[in-house]
Amino acid sequence: MKQKFKRAILYARQHRANQEVNESLHRLVDFLSTQDIEIFQDSDTAASFELKAPVLPREKMGAKHDLIIVVGGDGSLLSASRMAIKVNTPVIGINRGRLGFLTDILPQDIESHLGPVLNGQYNEEERFLLHTKIYDKENSYFEGDALNDVVLGRGSETHLIEFDVYINQQLVSHYRSDGMILSTPTGSTAYALSAGGPIMHPQLNAIVLVPMFSHSLSSRPLVIDGEAEIELYISKSNETDLRISCDGHESRVVKPGQKVAVKKNGNRLRLLHPLDYHYYDTLRSKLGWESKHQG
């Protein structure tokens, strides 16, 4: 039997404030009230929803028996992950989004699937995040974390951008493209997949670099060691500013001549699943793959 939980922190993003999310949050409160669980909400949740639960400041999260319950889609869980790794608190998701690669529990299954989890019946896996720094000469002026991907892209202009990629201080290539996606295995079924990247099992210790519309027929996705340190040097020949984004949320300007450094974050996300969760079932369901022919 694994760890049982005594406190639940409900998390929902402000811009996901719709009736469906609201219904699931209230259903959670009603259910958790019957399970001898202390119920709290995050400050983001309290800003958009009226729940009968006190706000737990983030600096007070991280007790041994805490569990963060995310209501929303994968984007909501991505946002919660950056909070969760700082307090080493496990996360589980109620899917109120579209695909739901990370949010396992369907709204109608809250009681039947979450109940066993609260009592220690679950699978736990660790997912790593990428930590990004932007440097102006020797000083960094931005740091961000991404569970899915870090994306270097064009600003407001529509022409190709130029940059050099180094791995462990060794030059890989000079690129002329629309940008570059640096993805974790978790993010390999997200934006990187749309750009032609491979699907990687989430327990792989690897990072994939996926060029976006490269001006070279030989430019292909590159899978590298997860411990590698990646540097993107922005060419001074770029006539406009570029942008770096972490999981599509945190976005910052990168100027010609600057450097972006990306490596694995030392903290891991503790992601929980119900006992009947299977990764390949999720892939088959979410991506519309065929099941075994019956007949």
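One-based numbering along the chain as shown.
Just so it is clear, glycine is given a Cβ too, placed from its N, Cα and C backbone atoms.
Per Swiss-Prot, active site, proton acceptor is recorded for D74, and the stated evidence type is sequence analysis. The annotation NAD(+) binding site is assigned in Swiss-Prot to D74, G75, N148, D149, H159, R176, D178, T189, A190, Y191, A192, L193, S194 on the grounds of sequence analysis.
Here the features listed in Swiss-Prot are painted onto the structure.
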residue: D74; record: active site, proton acceptor; DSSP class: helix
residue: N148; record: NAD(+) binding site; DSSP class: coil
residue: H159; record: NAD(+) binding site; DSSP class: coil
residue: D178; record: NAD(+) binding site; DSSP class: coil
residue: A190; record: NAD(+) binding site; DSSP class: coil
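Ranked by how many other Cβ atoms sit within 10 Å of their Cβ, the binding-site residues D178, A192 place D178 at the bottom. Of the listed binding-site residues N148, S194, the Cβ environment within 10 Å is emptiest of other Cβ atoms at S194. D74 (active site, proton acceptor) is 25 Å away from D178 (NAD(+) binding site) when you measure Cα to Cα.
Long-range Cβ contacts of D74 (active site, proton acceptor) within its own chain (separation 6+, distance under 8 Å): G93, G97, L99, G100, F101, L102, T103, A190. Cβ neighbour count for A190 (NAD(+) binding site) (all protein chains, 10 Å cutoff from its Cβ): 24. Across the residues the record lists as binding NAD(+) (D74, G75, N148, D149, H159, R176, D178, T189, A190, Y191, A192, L193, S194), the two Cα atoms farthest apart are 31 Å from each other.
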